[in-house]
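A.B. asks: Annotations per Swiss-Prot:
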type    : residues                     : note
BINDING : Cys62, Cys63, Cys128, Cys160 : [4Fe-4S] cluster binding site
REGION  : 1-25                         : region 'Disordered'
Amino acid sequence: MESPLTPSAQPAPMPSLVAATGPSTPEIPPEVSQIARFAKLDDLLALGRANSLWPLTFGLACCAIEMMAAGMARFDISRFGAEVFRPSPRQADVMIVAGTVNKKMAPAVKLLYDQMLEPKWVIAMGQCAISGGPFKYPGQYAVVEGVDQLFPVDVYVPGCPPRPEALIEGILKLEEKITGKRRFPVAQLKE
């Protein structure tokens, strides 16, 4: 009985996926690169994390109203990967601190940050969260002058209060920080 694979129909031997320089630099055969895409696992994880941010809202003052407006239909923050505001720190990976943090509330804010799972990021929204805002004056005793004194902040969104568009820009900056590239490039202005 003749083999179903004649000598001309037998597949060519698969070329080695290991380059001559060593196992750390694989060489992809051209016939494979035409039908498949390759990426580093870290890059794929970063892309997934950046496009599915789960924000924990911590609205403390007037900035919280603008943060809520960003989640409504007019601005629709879910188009940018921050789908649903989470009520629990164990379900969130981005903490948006919007408003004034006083020293009595600081331990609770720090505890919420500590309860978030890794990887976790923080967006400081508004001048009060960034630097104490109008409550920062000589001799004040009650206001934390910036949440970066409690934990690291990844993105600062300035304004008093910042508009929902500014928060969306902050989320895009955070995505850029996670993946290393911008999803919606900003047009460069000619001088």
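Here the Cβ of each residue, glycine as well, is placed from N, Cα and C on the backbone.
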A.B. asks: Other than Cys62, Cys63, Cys128, Cys160 themselves, what residues in this chain have Cβ atoms within 8 Å of the centroid of the [4Fe-4S] cluster site's Cβ atoms?
C.D. replies: Ala61, Ala98, Gly99, Thr100, Met125, Gly126, Gln127, Ala129, Gly133, Gly159, Pro161, Pro162
A.B. asks: Taking every protein chain shown into account, which of the binding-site residues Cys62, Cys160 has the largest tally of Cβ atoms within 10 Å of its Cβ?
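C.D. replies: Per the Cβ count within 10 Å, the most buried is Cys62.
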A.B. asks: Just to confirm: which same-chain residues, 6+ apart in sequence, have a Cβ under 8 Å from the Cβ of Cys63 ([4Fe-4S] cluster binding site)?
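C.D. replies: Same-chain residues close to Cys63 ([4Fe-4S] cluster binding site) (Cβ under 8 Å, separated by 6 or more) are Ala98, Gly99, Met125, Gly126, Cys128, Ala129, Gly159, Pro161, Pro162.
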A.B. asks: State the count of C-beta atoms found within 10 angstroms of the C-beta of Cys128 ([4Fe-4S] cluster binding site), not counting that atom itself.
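C.D. replies: For Cys128 ([4Fe-4S] cluster binding site), the 10 Å Cβ neighbour count is 29.
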A.B. asks: Three-state secondary structure of Cys128 ([4Fe-4S] cluster binding site) from DSSP?
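C.D. replies: DSSP call for Cys128 ([4Fe-4S] cluster binding site): helix.
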